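Student: One structure, as structure tokens, below. Some questions next.
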Amino acid sequence: MQPEAKMTFLDRFSAMRETQFGAFVPVLLALAAIWGYFGLVLPLIDLMSGEADSFRAIFLSPRNIYNLFMQSAVIATLAVGITIVLLLGDIDLSAAATAGVCAALLGVLVLSGVPGWLACIIVIFVGIVMGAAQGLLIAYVGIPSFVVTLAGLLGYQGLMQKILPTGNLNVGDPFVRGIARVLIPDLWGIVLGLAVVGMFAYANLRKQSRRKTLGLEQDSPLALWSQVIAFAAIVVAVVFTLNAYRSLPLLLVLLVAITALLGWITTSTPYGRSLFAVGGNPESARRVGMKVKRLRVSAFAIVGFMAAIGGIFGASRYGSVSYTAFAGGSLLLEAIGAAVIGGTSLFGGRGSVWNAILGALVIGSLGNGLDLTGASAADKLMVSGAILLLAVAIDALSRPGNGSGR
Amino acid sequence: MTFENTMVGQAAPPAHLAVRGIQKRFGGVHALRGVDFEVARGEVMALVGDNGAGKSTLMKVLAGAHLADDGEFLLDGKPVEMSTPNDATELGIQIVYQDLALCENLDVSANLSLGAEPVKPGWSFLPHLLRPLDDLEMEVKAKKAIDKLEVRTLQSVRAKVGGLSGGQRQAIAIARAVGTESSVVMLDEPTAALGVAQTRQVLEVVKRLRETNHAVVYISHNMRDIFEVSDRITVLRHGSNVATYTTSDTNPDEIVVAMTRGLDTENGNAA
């Protein structure tokens, strides 16, 4: 009976993942495991073995959490963008290189005296054009996205080196730096958090009452309220933790706002529905009259947009633009890894931008935690690889009707 | 080729959709050689023929997916233009392909509204693609469509299609075709991949379509299914009509002979 019991566990797991918030559970568990390990288990081991004379939760200190969020922000921005094309069943390998070109261009523009806000707008526009150009090749010429964006990766890396012959440029523009430096005052942060929680609760309750009047099946009140309470707990915990160190940084607010917008577009508009439809069954989407080609181009334009935002965030946070931080480094693979760890399928039709943010936190926490324990770069790479495999394995096992290895 | 179907019973109802003398060539292949076909409201017309007889080509011509080289289309006796799938949709002609074309990653209600999602009113400053979806309206519509076809085994319109049985999927594909104000529904081998119980479920749905006054075109190889649901049977062979039978006046053997050998009446060789 052993294997059968195991099957029912898996079945339950996949049934849970089909629910609205169930998709978050695996990545949240991964995050909790990593935080638990670095934040509680390691300090305890140190304490027992006498290496430390008191319990020091460095990893879970507000200061480290703050840094962790800021470190993960650029990865998260790119991962959110990449999620959009993953939903279609495409991939974008050029996102990090696009971000690099945009950041380099931003640095050169502000150096030559263009005001920061104008430079940001120009750069965002350039990012959208770079993404859309690849999308045009994919949709209308019919080249697989892997090949087009691989070419884009190489080409944009070269372009970034052309823009930045020295490979490095400091960005001192107050507007650009301000994105990462400006902090929302503590009180306003709390008000903002509570407002978001209130809106979430209101939207959920309103939907429930409309369901009742329309005579539709209703969510169980337990599930409804536990969703609202879990959401509220996470928001309040994040705001108070960040307030305990500095304050809510503007960069994170912007990131969450953009993600919320994209999350809303992907789940609640005809446009987003068509993204999922094309990812699930392109032929079916075509037959019901969806403009699949235009959709592809627009999705790649969104990646370009998010890459440009990522470039701006990166330039703002580091105060400089360097080749290795964007195009030449591990940013691309970390961003794709974040999207996949979050539970977005590489084969299209399944995933969410919020999961990409959580996936980015997993990747960021891993790097941060291993740094704190003094692990070598080699260890970090190997552990990251193992986590990525584990995430994809969980995903494959818990998929309903799996077995085809997709 | 005459316009009269020689073997139609006296009670043949007035045609809702009729085509006359349809010709279709693919390069050197003469797929349809002047085919006549008709279907009335509240009737299940089976379309049978051996492989390569032109069933699928005829169906695609009727759905506007292929443009006929020659021939006329009549809807309720009036000639109509049919050159694109959109023309067919506007005339109320819907087709359920064998592969169903459902999105397994979406739930039942999303699949039923795919491509025609209702949006909430009052967001007209946004382009249509970016207006908020009205999911609840979608669920109400889906429930209505499912209830109309009496698909009892379906627990919830919020279930993902990927988790449903083959019969349920077929029923949902049919419900989608019916939901869009259609009068003609064409089903391509709806029971080919199904077990006994699932087949039963789909045949019940087909009967419901007849009761709701749809004109149903039913393409199949399975004589048992055909004799259970159809009212008339059109037999094609080598891209031409063999004959149209009234189901109650014929038997499977006669149909099989007509499919494989034609009528052979000229030779007096009636198998």
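Cβ coordinates are placed from backbone N, Cα and C, and glycine is handled just like the others.
So TrEMBL has the following annotated:
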type     : residues  : note
TRANSMEM : A:21-45   : transmembrane segment
TRANSMEM : A:65-88   : transmembrane segment
TRANSMEM : A:116-133 : transmembrane segment
TRANSMEM : A:140-159 : transmembrane segment
TRANSMEM : A:179-202 : transmembrane segment
TRANSMEM : A:222-242 : transmembrane segment
TRANSMEM : A:248-266 : transmembrane segment
TRANSMEM : A:295-315 : transmembrane segment
TRANSMEM : A:321-341 : transmembrane segment
TRANSMEM : A:353-375 : transmembrane segment
Student: For the transmembrane segment (A:248-266), give me same-chain residues lying six or more residues beyond its boundaries with a C-beta closer than 8 angstroms to one of its C-beta atoms, as numbers and ranges.
Tutor: 66, 69-70, 73, 76-77, 80, 84, 87, 178-184, 188-189, 192-193, 239, 242, 272, 275-276, 302, 306, 309, 313, 316-317, 352-354, 356-357
Student: By Cβ distance under 8 Å, which residues at least 6 away from the ends of the transmembrane segment (A:116-133) in the same chain are close to it?
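Tutor: Counting only partners 6 or more residues beyond its ends, the transmembrane segment (A:116-133) has Cβ contacts under 8 Å with 92, 94, 98-99, 101-103, 105-106, 109-110, 152, 156, 173-176, 178, 297-298, 300-309, 311-312.
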Student: Who are the chain neighbours of the transmembrane segment (A:140-159) in space, where the CB to CB distance is under 8 Å and they lie at least 6 residues beyond its ends?
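Tutor: Answer is 85, 90-98, 100-101, 130, 134, 293, 297, 300, 327-328, 332.
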Student: Does the chain bring the transmembrane segment (A:353-375) near the transmembrane segment (A:21-45), so that three or more CB pairs sit under 8 Å (pairs 6 or more apart in sequence)?
Tutor: yes
